[in-house]
Every structure is written in C-alpha cells, then in structure tokens.
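Look at TrEMBL and you will find A:135-154 tagged as region 'Disordered'. Here TrEMBL flags A:140-152 as compositional bias 'Basic and acidic residues'. The domain 'Glycosyl hydrolase family 67 catalytic' feature in TrEMBL is assigned to A:155-474. If you look up TrEMBL, you'll see A:Glu308 marked as active site, proton donor. Summarising the annotation, TrEMBL assigns active site, proton acceptor to A:Asp387, A:Glu415. The domain 'Glycosyl hydrolase family 67 C-terminal' annotation in TrEMBL covers A:475-704.
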Number of protein chains: 2
Amino acid sequence: MNGDVTTGVHAAWLPPEAFRALGSRRVLVQGAEAGAPAGTVHEEVARACAAYGGRVGRGPGGETGPYDLVLALTGAGSALPEPARAQARSARGTLGDEGFLLARRGGVTVVLADAPAGLLYGLFHVVRLGESAFGGEDGGDGKDGGDGKDDLPAAVHRPALRTRMLDHWDNLDVHPVMGQVERGYAGGSIFWRDGGPRGDLPRVRAYARLLAAVGINAVSVNNVNVHAAETRLLTERLGDVADLADAFRPYGIRLHLSVNFASPVVLGGLPTADPLDGDVRAWWGKAAARVYEAIPDFGGFVVKADSEGQPGPFTYGRSHADGANMLAEALAPFGGEVHWRAFVYDHTQDWRDRSTDRARAAYDHFAPLDGEFAANVVLQVKHGPMDFQTREPVSPVIAAMPATRLAVEFQVTQEYTGQQRHVCYLGPMWSEILGFQPWGGADDGRRTVAALVADPAAGGGLVAVSNVGDDPYWTGHPLAQANLYAFGRLAWAPHADPVALLDEWIDLTFVPLLSRDPAPLRRALHAMMDGSWRTYERYTAPLGVGFMVRPGHHYGPDVDGYEYTPWGTYHYADRDGVGVDRTRATGTGYTGQYPQPWSEVYESQERCPDELLLFFHHVPYGHVLHSGATVVQHIYDTHFAGADEAARTRSHWRELAGAGLVDAALHARVLERLDEQVRCAREWRDQVNAYFLRKSGVPDAHGRHIP
Amino acid sequence: MNGDVTTGVHAAWLPPEAFRALGSRRVLVQGAEAGAPAGTVHEEVARACAAYGGRVGRGPGGETGPYDLVLALTGAGSALPEPARAQARSARGTLGDEGFLLARRGGVTVVLADAPAGLLYGLFHVVRLGESAFGGEDGGDGKDGGDGKDDLPAAVHRPALRTRMLDHWDNLDVHPVMGQVERGYAGGSIFWRDGGPRGDLPRVRAYARLLAAVGINAVSVNNVNVHAAETRLLTERLGDVADLADAFRPYGIRLHLSVNFASPVVLGGLPTADPLDGDVRAWWGKAAARVYEAIPDFGGFVVKADSEGQPGPFTYGRSHADGANMLAEALAPFGGEVHWRAFVYDHTQDWRDRSTDRARAAYDHFAPLDGEFAANVVLQVKHGPMDFQTREPVSPVIAAMPATRLAVEFQVTQEYTGQQRHVCYLGPMWSEILGFQPWGGADDGRRTVAALVADPAAGGGLVAVSNVGDDPYWTGHPLAQANLYAFGRLAWAPHADPVALLDEWIDLTFVPLLSRDPAPLRRALHAMMDGSWRTYERYTAPLGVGFMVRPGHHYGPDVDGYEYTPWGTYHYADRDGVGVDRTRATGTGYTGQYPQPWSEVYESQERCPDELLLFFHHVPYGHVLHSGATVVQHIYDTHFAGADEAARTRSHWRELAGAGLVDAALHARVLERLDEQVRCAREWRDQVNAYFLRKSGVPDAHGRHIP
C-alpha cells in the first residue's frame, strides 16, 4: 500500500508524490503567523520541500529571493516581493474568508488570500495543478521566466457555497444493530471506539487534511441518531470533542455536534424539553456557552428531531421552527448555527393506505414554516423526497422555502448505492441534482439547486454523510475515495464537470506514483467509473421506483422487502402493472408540491422522464416509454445490460493486474469487491427479472433465460 | 402473581394449592433414603403436609399408622403396612426404572415403584389426581374407608418413551443476533447470563421440579449452535455444568451438553477434528472421562454438525456415522448417549435451481447410513422435513431407518408458531404427528410415529426445544406453559388426548387457586386454546407451503421474504399458481422418499390432503380443493376466518376480566399479548390476501375488502 508516513494508511489524493512540483521549488510563505490554517500552509510546504529539494522561506525577514512561488496574505503588503506586492495591493479585501487569487507572471506563481483559510485552499490548488502551476507539464522552473510565455492571468477562486460539510453517523458505542458507524461501510469510526475516543488524533488530522484539500470546511462528528453515550458529548465528554476540534482546526474545518433534543431532560434532569419553556432555553444557553468555552470556533448543532423515533418538538405540541429557533438562540451569541434536518416522516404508516405518501412528508411538514426560522438556522434537506435512492426526483422542499436558509444533503456513504462493495461514482448524480432547475426555464433557468444553496442570504450550503471509517483505504472500496473527493469539489464548484473531477482525482491519487504512461490506467478508471452510477441504476430498482432492497441492512435485492411495511416505501406491483401514482388527478397529489413546469411534467405519464416514471405513475407493464420499449421489456433489458456492464467493469480492472499501474494490494482489494459486485449485480438481475416475469407473465422479447 | 415461595416466580402447574388433597393426609414415604428422587418425594410430601395439616412418616421405624397414602419402593417389602405390603410383593421387579403402580384399597392409596424415579412420578400423579386419589372429588378422607366403594384397582403407569428430553438453545454470552436464548421468547436464560452461570440455582431446581411433574427426564443446557464460550463448558466451565446437574438430579433428570464437533481443535489444540484420527478419538475419550468424573449420571452429548455453518465430519470427508460413532465410543464406557441431529441441508442453495429441495436433505444424507450408527447413538430428527413450520408432512426419515435409534424433535418454543405472543396450543399438532402411520394401514396401522420412537430397541424417544426463560411466567405468554406441559405428558403417554391434557393443566394451574366455580374459566380456556393451532395455521402460510415469515427473526408475515434466498424455502407463486412441485413425475422427487401409501397419496394432486397440497404440488389458483373451494378462495377465506378467530380469542379472555378467575397481573399479561396477536393476525390476513390478489387478479368471491 502506498501509505502515509504519519498514519500508516493509504494516502488517498495526497500522496507525498503529488507535492513533487511544489516541493522542488523555492517558495515563500507569508502570513504563517496569522493563525492555524496559514501555519498549516507553511508546514505543508516545508514538508514538500524537505522531500523534493526545494526551499521555503517565511518572509519577510532574512530570506532572499528569487522565489518560484509566493503564498501570502494580501495584508502582508509591502513585505512581499514583486509581482506579489502589486497584486496583493489590488486584490486586498476582495477575496473573502476562503477565496484566493492565483497568478503567474515573470516566472513567479503567486497565491494570495485575504484570510488564512484561503491561503490553504490556494496551496491545495497549486498541488492539484502540479507542474502546470509553474508554467507547464515539462516544468517551468522559474529561472528562465520573465519572457511571459508561461504567464497565467490572475484568477480568483472562491467557494460557491459558504458551508461545505460532512456529517459522520459515527456512534461512540457499537450499536447492536447499526454497529460503530451507522450506514458505515469502511470499518469502525476514526473518532470513536468502545464508548470513548479512538485516541488516534494523527489519523483525524490526516483526515482533516484530505478534506481541506477538497474544500470541506465543516464536519459533524457523531450520528444524527444520538444514543445515550453520544448525548453526553455535549457535557461530560466535551473534552473529547475539543480534542477533535483541535485536530480539525489547522485545516480550517469547524466541528459540529449532533445533539439530542431531549438533552435538557436526559442530561439536565428537567421535567421537559419543551422549546418554549424558560428553563429549557436557559439550559441550552448554558450548554452552548460551555461548548464555546472549550471550542471557541465550534460550528453548531445538527439535529434530527421527530424522525424515526428521535425526540423532538412535536412531543410538546411545538413546531419545528420553535425547536430549531430555541437552539439557534442558544448558539447565536457565539456565531453558531443549527443544522435542522427536514427528514421527518411517518415511519409507522399503514401500507394499506394508499393516500399516505412518504414523499410528501418533508414538504408537508416544513413548507408551511417558511420564514419562521431564525437567521442562524439552516434547514438541511435530503436531495430527494425519500432517502438517498439511486434515482429520485429533486425534493420539492428546495423550491418551496424562499425565506429559509436551505442546505441540501447528499449521501457519500453508499447506503443504497452499493455500500462501497460496488463501484458507483456518484459525481454525475450530484451534478445533475445541483444543475436541476426547479422552475425550469423561468428566470432564464438561472435558479438551479446549486444557485439556491449558494445564495449569500438564503443558501445553507451542501452537506453529505461521510463514507470514511478506520479502514486502511479510508472508504473500504478504494475507488469510493472518488466520491468523497467529488463531493468536496462540487461543494466548492457545483458546476464542475464530474468526469473532469475524476481526472483530478486520478491525477493526484495514482498518477504521481507512476513512472510510466498513465493513459491505460486513466482509460480503465474512466471506463469503470464514468457511467457506474447509471450501471448501478440499471441492475437495481427500475425507473425511479426505488428501494427493493433487503430491509434493515439495505444491501442486495428484495423486491417486496418493504412492500408491506410501515416505512412508506412501495412499488405496488401487481399482475397488471407497477409504480406509485403520485399525481394530483388520481394519486397522492405529490406532483402538486412542485412549481411549474415540473408539476405538469411529472403529472403527465407522457411528459414524465422515463427514469422517474414509476416514481410518479402506476402504469401497465405494456406502457411504452420514450425509449420505445415497454416497461417490462425495459426492466428485462436494463437488468441484463447492467449485470453485463458490472462484469465488464471487472474485466477492465483485471486487465490492469501486474501492469505496475496500481499498487498490488490495492488492486487485490478492488478486485475482491468487483467479484462481489458482479455476483450481486447478477442477483439483482435475476431477482428483479424473475419477480416481474412471474407477476406479469410477459416473456422476454429476446428469449433470454429468466429464472 | 401467584408466586412460588422459593423463586418469586409464577408456580405454573405446581402451585402449593395443588398439593392440598395430598397435604391434608397421613402419608408414609418409604424409601427416601434410596437416593435423590426418592428423597425428593419425602421433601415434597413433608412440605405439603406442613402447609395443609397432614402428617408424613418415613417408616418403617417409629411412626404409627394408619396412613391414607403410602408411597414406597417395592423393595421395602415387609416393612410396609398392608395392603401395600402384599401389593409390593406381587409388583416387585415389574415396574421398571420409571414406572409406578397406583391402587386404592380399604381407604388407603398406595403408590409403589421399583426405583426412586418411579416413586417421584407416582407422587406427581397423585398430585394430578387431587381428591380423586383419595376416593373422590368430595374427599374420601380414608377414615370412613374399608367399605370398598372408593377402591381403585391397581394400575401400572410406565412412560411410553425411555427418553423424554428438552433441549435448551441457551447461549452463555448474549449472541449479537440471536440474544441470550436463540429462538427464546421468554427473556434470558435460566442457566446463563453475561458469559457465565446465572447463579440462581433455586430457579433451576424449581424448573427441574416442573419438568419432573410432567415426566421429563433429560435436558440439554446449551444451544446446539455452540459458540466460543459455550464450547468451553466441556472443559474449563465443567464446574458450572456440574452445578446445574446437581440441581436437576433430585428430580430424576439427566443433564446433557451440546458440544462443538471441532472441540479437539478449538480446545485441544489438535490440528484436526477428523473422527477417524486416533488423537482426536483419544481427546474425546479423555474429555468424556473428565465429564463423568464431575457428573457421574451425565446423559451425553447433543450435536448439530455440518449444519448452518456448524463444523462436522464432512470437513474431513467422513460420514455422519463416523462422526457420531466417535463420540459414542467416548461416552459408551460411562453409559452416555449421543444425540446426533439430522438437521443437515444446504443453506446456500440457489433459488434459481428448482431441482434442489431442502425437504429432501435429511433423508438423502441419513437414510443411506441406516445401520451404521453405534448402539448409543440416537439420531434426532425434526418432525417435519423443513423446520418446525405450522404444518409440515411427517419427515420421511422416520420411516427410513429401521436399524437406527431415532428420536423425533418438536419445538415447544414457538419460533414459527407465534413466538409466545400468539396463543397457539401445539398439543393437537404433536398428537397428530405421534399418531401418524408412516405405512398407512399396513401392519394394522400399529406402527405409528409414537410406536417407532418408543420401541425398546430402536426408539430414541422424544425431544423438544424448550420455551422457558427467566420470565416470571417462565414462558413469556402464560398460556404457553400449556405447551411445555403437554409436551412432557405426550412424551410419557403419546396417545393422550391433547384436550384432556389441557384440562389437566387447567386443573393444576388455575383451579386449585379458585374458591368459585371453575367452569367459566375452563370454558374460556378451551375456547381460546383447543383450536388455536389451526387458527394460527389459517391466518399464516396456506396449505402447507410454509415460511412466508420475515427473514431472520421469523415473526410476522413476509410472503416473499425467503423466496429468492439461499435457505431453500420457497413457494414459487406466480400470476398463474403457487406451490412447490415435489412429485416424482415432474418435481423434485421428494414424494419418493415415503413408503406406500403416502408416496402415492402425496404424489397425487387429487389424493393429497388439502392441508399439505402446496407443500407437494404447484397448482393453479383455480384448483379446486377437497373442501370445494379454489386455492385462492381458500386463501382468502381462511385468512379472514383466522383473523376473526384471533379476535374472538381475545374476546373470551376479556370476558374473564375482573371475574376473580385468574390473577389480575396474569390477566393483564395475556391480554397485552392477545392485542398483539389480533394485530398481527390482521397483518397476516391483509398481506397474504393482498399478495395473492395482486398476483392472481382473482377477486374475493364474497366481495370482502382486500387492501
């Protein structure tokens, strides 16, 4: 394994070799004394230069030029060498908390930031650029500069979204059903073990570094289902939390905690947790003050309330705005925020009742509260109305709350997308969602999901559930690192091309380690990953209907697994047809939660996109799709195709064996998972096809064997 | 709660009040010095007399007559008063190890036994008889005897089966999935807790007493799935096992252990557990010797080998006879026996392959080995070919191994029959099985299942999985005590009427506590329990097809839950029909495992009994049953009827509320479970009916609502 020296685990997208271009230069870091993230920049550069023969100065005193690279705060002003000095003068105050400017003139690459975090992001940008940060692939070494031929015009980089957050669903204790990490597929928690801290702070710091390199600036370190031991992180265990915050701080990442809404009762001994009760509010105020004493840059609270058994304001007849605002009041004096999750639905619903619709729940609960939330409340909305399925429409809540700060929540951990045993690169899915236009072409289509969450006033940013554990490859499946990478980069730049992000990731993770032509590796990884989400979609639940997974663990097929359960996740297949009627005309009325044009598009069997047809409509098996295939033939075709594609994915990887293009241990790990993917994809194919053949009686038009 | 003074738990069928008739008499116990079970008789009598004003003598010295009751070993001979002396002289040597003689003449009731255990069983028989043991319901008190009008002719009682055994599937450690007791629905184990002994030996003794009162003479105290800690019971933890044996011994119950076939490797550090390896055989020999040093009356080993992941002889290319005989050799010098379970099947089978049939497995594995097992091996065969379903045909293995000692295994714990949340009195099912004639009318139908397991040479007795835990009512559902009661009594007297056994149980458990007319209580319990097994059958999987339960925990409906799994438990429902074709003509050939006439009866769709039709045949929904209904209409009708019956069961119980007929706490406990039964029965009704309506498209002929 290509291990990180500090931690003995895989270096992911920050192998020492990725710093070669930087590390062989003469670098000035100016502003390291300004605080944690800037000091980190100096450390990073110093380490790289020590490894690759470069030289680092801290300026302004003593060091002599010339420099190939200047990393500086704009405030340094006259202490900087030219051309940095002039650029700093003009850029100063325009770059913001996290932005940076990159330019190259006269053989000197200049990175400027108004604030330390920006400098850190600028550094990692230079790492991503590699040699091209210095004038080209074949190494502008700066010495022959000055002729302008390798100049780069000054470009300002700012994160599109203010909050770029990862939520960990990590438990302190091993939960008897969910384990140490709920929906975790990469081993135990990197934070917790056996009821207490895991005690490996270098690993936490290495994680923080990886996150900073992709632009993440916030983490939550415990499960949104806050069990007994985890509840006490807010009080007795605060020291453990502060230790983690200390590990994240050097990388510009603010720590958040998931809290138990019932804490005033459970921890405080109060008779109630009613958000309008004075004692309760006072208790939270004091709790927040104690937290900020220990962690001055604490980010805030994450709350899952009144959901799947968690306590919440409904217990006291209060609204979710009441609940969130109470916590917001406690955090406001310290600049903290509340991330209040909109994942509220009835998980004890009666499958016999076709009028109740889980998809409606978040909108029904929250849209009426628009405008009632405090300024430091962020309503955290899952990207779809259900639960991180492979294919869902975009949640109508996102367009329904203009007067509320909204964050959209993704799931990097692959709960429903192969659990890091299947290759499933989610960048294209997230990209589609971020580019979705809730009002269609109205307003020239400028109001995308990305624009909404990025809005300086109303945007709450992007949040995702982490896929990281104490696995030596961080993510179980080594290729699942790409999902974490892409999430961070899309949170910074939502319109980035996900395939290009894959290239970035490949160029950092694999290419620096190679002494040979990386083209075959790059081709193989693109062949395996670019379309892997759609491949996964093909061999699992068809046409947007979702679920069909084994209840509980959610891995592998079980077409009727949730069909007669209280969880609200149905497909209603009978001998004539399949799908959920969510129309206004004859169904649950869910389509009415969308603005135009989607409300009409989804309402119409003719206009509804094929890939969401069964999410919105119950249709006969003979219904003809836009593709020209009938629904049942589409099911057969896609399932045969998807399973075949999984097998081809494995073939691509097998061809890399022994070619020296990837580490042997990593190759073996991926191959073992591909074997499971191929097996499981066939299982999906056969179960789904057999189910629909038995039910519809329609034979495959191509006469293939269906068991 | 009507608590036992020793343990603080429910007294079940041995409340002190059940000893009233006995305890108010003048009793002679002769032979208490002969050993544990006889000493127990004296203790029991002394306690009863202390409570109810009677008097107990130990004879022969000192005490003076006359006696109302004499309990004596036949060997006491001339020391006995008449008429016992004459009866002892003629009966001596004819009663066997466990039999007893009961007579009443001249106002004296006499119980005689050749051996101490018989005396104990005779005592409990007298308890069951109550006043009628002394001449009638209104109390022949013996003083006015001698006129012959209340005489009872001498009757000899012997257990039909030599071995009457309960297996506990109790773990030492709480298993992460299965809990402390695998398939236990009555709390934790009464033997084990947190990896060690539970430490409540009085409770174990109270349990042994209950078992002795129904005739059980063997228990196994740990799960047949022998995990790490449990493996060590054979060696380091032997002292804990000996403590339990000491608690069982006074009640004539021999203790058995489930052992791990891989023990020589796991405990002994040998490189193999090959049953033909000399070192392995020596290891087992020494292990057995150590066990008998600690527990001289140790019963033997119970083994689940090569089944559901357990190790076994297949690992070494050996047969199950090789494996069992090796253990038998180790136990033989000490008189121990091996209970070798025949539950061996492929639990990783491919649902696509319709030729593999789990039902065939036990026969296919074991029938060829007939005659190869040692004399002290008992092959323990589940009563049906699958796994304790509500309805299965009798296992063909039972008729296929004339040269092997066979035990039949029942499941008192209600894994598939309502998990002690539903009232499901299993006596009638067991009675049907025991009365089944594997060769039909041939041999005048004398060869029943009961006769086979009772055969002195070839019979291995009856075994069942216990339903007892540390619940204050012993069995979770208080009415589930009746199953434990009936199992013991049927193992003693297989042809007993299960409804009469219910009366015995009611008369011991409830009636002695009443000062009012017990008729309403008796009527209610019969209405609730007599037909409860068939009620349960009606609202669950139809027509013998089995399963349709939620995978894993096996509670509640999931029609397709096991349909596409490796467990071999399918129904193959499609839009045209349902059922498993197990015929020789077109199916798996399973019917060929039966002798005539069943082989032909089951092979024929026309002759196959309705209740097993879908176990043996795949038929169209329109297939007409002997009952005149089509299969699909039968499904609808029985499911509506079964759910209605569950509701009526609750009504009967509700009517008892406040009538002073049962303890209030017990009433509440049962009512709470009935609420769940009614809910769950409706869930079964609706899921099964909806499933088949969706699939078949056939509407209910009576137009009832199916969701």
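Cβ coordinates are placed from backbone N, Cα and C, and glycine is handled just like the others.
TrEMBL: automatically predicted annotations, no manual curation.
In this structure the C-alpha atoms belonging to A:Asp387 (active site, proton acceptor) and A:Glu415 (active site, proton acceptor) are separated by 10 Å. Per-residue pLDDT, averaged across the domain 'Glycosyl hydrolase family 67 C-terminal' (A:475-704), gives 97. Between the CA atoms of A:Glu308 (active site, proton donor) and A:Glu415 (active site, proton acceptor) there is a gap of 17 Å, rounded to the nearest whole number.
Reduced to three states, the DSSP call for A:Glu308 (active site, proton donor) is coil. A simple Cβ count within 10 Å picks out one of the active-site residues A:Glu308, A:Asp387, A:Glu415 as the most packed, and that one is A:Glu415. In the three-state DSSP scheme, A:Asp387 (active site, proton acceptor) falls into the coil class.
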